[in-house]
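Here's what TrEMBL has on this protein:
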type	residues	note
COMPBIAS	B:1-10	compositional bias 'Polar residues'
REGION	B:1-24	region 'Disordered'
COMPBIAS	B:12-23	compositional bias 'Basic and acidic residues'
TRANSMEM	B:34-56	transmembrane segment
TRANSMEM	B:68-91	transmembrane segment
TRANSMEM	B:111-136	transmembrane segment
TRANSMEM	B:143-164	transmembrane segment
TRANSMEM	B:198-218	transmembrane segment
TRANSMEM	B:247-265	transmembrane segment
TRANSMEM	B:285-307	transmembrane segment
TRANSMEM	B:319-341	transmembrane segment
REGION	B:353-375	region 'Disordered'
Amino acid sequence: MTLFEASEIVKVFPGVRALDGVTLTLEAGSVHALLGENGAGKSTLIKVITGLYRPDGGRLLMDGREMSFGSPHESAAAGIGVVHQERNLIPGFTVGENILLQKLPTSRGLVDRAAIRSEAARWLAELELDIDPDQPVTELSVAQAQLVEIAKALSVESRVLLLDEPTASITPNEAALLFRVVEKLKDDGRAILFVSHKLEEVFQICDTVTVLRDGASVLSGGALADLTRDEVVDLMVGRVHEALSLPERAVDTAVPPILELRGVGTASGHADVDLSVRPGEIVGLYGLVGAGRSELAKALLGLDRITAGEVRVRGEAVKIRTVRDALRNHKIGYVTENRKEEGVFLEQPITRNIAVTIWDRLRKVLGYVPAKVETAMVTSYVEQLGIRIASPSQLAGTLSGGNQQKISLAKWLAAQTEILIIDEPTVGIDVRTKDAFHTLIWDLAANGLAILLITSDLPEMITLADRVVVMRDHRIRGELPNNHDYDQMSQQVIRLIHAEGTTAA
Amino acid sequence: MSAPVSSTATEALREDTPVEKPPRGTPWWANQRVGLLLLVVLLSALFGVLRPAFFNQQLVVFPLLRDIAMFTVVGLAQLCVLSIGHMNLAVGRMAAFSMMITGISYDLWHFTLYSGLLVGLVAGTAIGALAGWVIARTGVNSFVVTLALDFLLLGMIPLVYTSLTENAAFVTKPPGMRELRNFSLADVCIGNVCGSPAVPQLAIFAVIAMAVVGWIYARTRLGRELLMTGSSVRAAELSGIPTARRVIIAHAMSGCLAALAGFMLAVSTGSIKATIGEEFMLPSFLGPILGGTLLAGGFVSIWGTLLGTALTTVIRKGLDLLGVGLESLNIYLGLILLAALSTDRIRTLLSDRQAVASSSPPPPPKAAGSQEGER
């Protein structure tokens, strides 16, 4: 029996068709997998279903009746519960209060604690969980918190449950507990949508599957029993990417690496990381969200402790303490993935956003920074990177994502770094600008920069990297020379990522 | 400036989309400082009409300007920490602490007026740096740290005074102190041209402080890095700014300026006592914030601080002259400040509306950017 259906959903953002006629059908008593690469449109689809985004086309049907959700409240009222990828429990509250947050039982205007306890206990019992409703949520393990979130999603009497990457941050043992709960909910006749990157899990607990690619559903509601793992991978990556024509660029392998990691371990859990980058080389560090790639970059910059192994820059073992140290003494720059919070100063003028790395060099007596030199330097980069601005004193926050990203990159070029770590450079950037960025990164390498490119965008990786290093669970899982053949490379990389037997944390 | 960007990359990066329009430059009447200046002038005129005595140079204008000068320095002390998004609740007590040291230097070591001031400034800088160091080291909110420091000094200062003095005040007055209090620019002559008798010499300290602080924030690496730290600590850290050091320096500057304000108060009241700076805390926020300095950090206005301080001081003095009692004076002051802050908001809204109306194609570029980021 079809409980919920999203039919021919279209969602357009300026410059991008994020969803282009996606159809998804959820049956009662069945677990449905939603698969797709990063950026394929999974999150956007979930946001449409839960009323965070209004679709620009298509229909949402619940029990065959057409619905229109203006807010997450309305979708919850219609019986759709969702557990988001990010944790949404409120730290100061108890388990019970969190579960019933959307409609706290009250008596005479006051919160009714006894009712909370019994009501919450009922939902916890339904999931066969041994958790005390009076326990503060801060005392829960990550997996327990995840299960409490499911109880919370159920407490609105939901019949459709969306789980967005519920196992992203829990161990396999904890995941097993979660799957038991999912099985139970399925037997109770609920419809469940399961979003995950881990194919083993999908084959383990899901019945049917929808695969998204480039905002369209390339497979809608296929039975997983009829599919092999390779067929699913093919569906996910099988896109024909319009190859960007980039000029020839050869890496001189006789040149020793400028940056080299030998058996590096960090406080955030990396172990035995070996990695090297030569001048003029682009090394791609590929992995899924949470694999520990950005954390490794931050450890290199001294923002996290390196506990084992050694980092060598230009052949010498170094200990980098701060970003300033990395920049000044080793000429290493880091373009962050978190553009809005770490990359640009939204409320500061463009000039300062780019000049921030060079004041140190420009300053004269008493720390005086000559405005003329500063402006000339900034203007030169604004022109070279084609940043569209009205004036250099314009605030960075008024620019588009693409132009903000150019600014975030420009400050490291201005600082004349020789080693550049670029983290997810094209997230949330439209296709055209994306190609321009690829040309730029290619070009920087051709001019001798050593680039460590962190990305979970497979086409991007295969277009740019000379070598692909695959990371999972804070460890290097393999290294591949890149032949820029998309089909062949994507198969190999995805296989490395999903290789069985490497799940253990 | 040799950059490793080739012309092919530049070509690819060039966009044919129209320039993203920045929010239009705000019209002059929406400028906060212009509004403040008008308010100060209008209110002064109003008070002058109601009570001609308001323009009495010796009895009203002279002490009024002396107060404005002092509270401007107090405001600047707060502005320095506001620039990095912090607060200094101990601004008054830091002044008291510094003046205690200055008093000791006069009383026990027989220092001259200015070497005593120097000792005080050093003490203020040190206590401010200490606060900054604790904040940078522990990561505890500046509100909490300076509040705790305030209590610590509140207990400690009277103890020192009672053990060293008889009436909780240092009695030794170094030569020059009385002159500094009473002299105006009329006592400064270049040839036959003398300054106005209405402007106290003490105001020079405020002018120097404004010039130095203004120069730091507008022209130097330090000032820019402080503002960047205030805008976003994480982005600043990841851009290679030594943020911990910047936090310490901002608090040290705050302590130094608090000491200077304490000195100006000591000179104008003629005595160094434990209660110096008690009335500093609230005005220290009022001046900068009325003048447009952001509480959250990242933007400061030196002129705004002067004008904001002038506004509150003029209101106080005017109401005082009109014979309003102390309690009701505070009520009126509150009402006028509320009105000043709301008209400011109204002006901003009006100018925004005008800007929207004049840029005809409706899709705002900002909304597009934020949506893109959410995906």
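For all residues, glycine too, the Cβ spot is worked out from N, Cα and C.
Scored on C-beta pairs under 8 angstroms, the neighbour of the transmembrane segment (B:247-265) with the top count among B:68-91, B:143-164, B:198-218, B:319-341 is B:68-91.
Outside the transmembrane segment (B:111-136), and at least 6 residues removed from its termini, the chain residues within Cβ reach (under 8 Å) are 86, 88, 90, 94-95, 97-99, 101-102, 105, 142, 145-146, 149, 153, 174-177, 180, 243-245, 247-260, 262-263. The stretches the transmembrane segment (B:34-56) and the transmembrane segment (B:198-218) are not in mutual contact, being linked by fewer than three Cβ pairs under 8 Å (pairs 6 or more apart in sequence).
Between the transmembrane segment (B:68-91) and the stretches B:143-164, B:198-218, B:285-307, B:319-341, the greatest number of Cβ pairs separated by less than 8 Å involves B:285-307.
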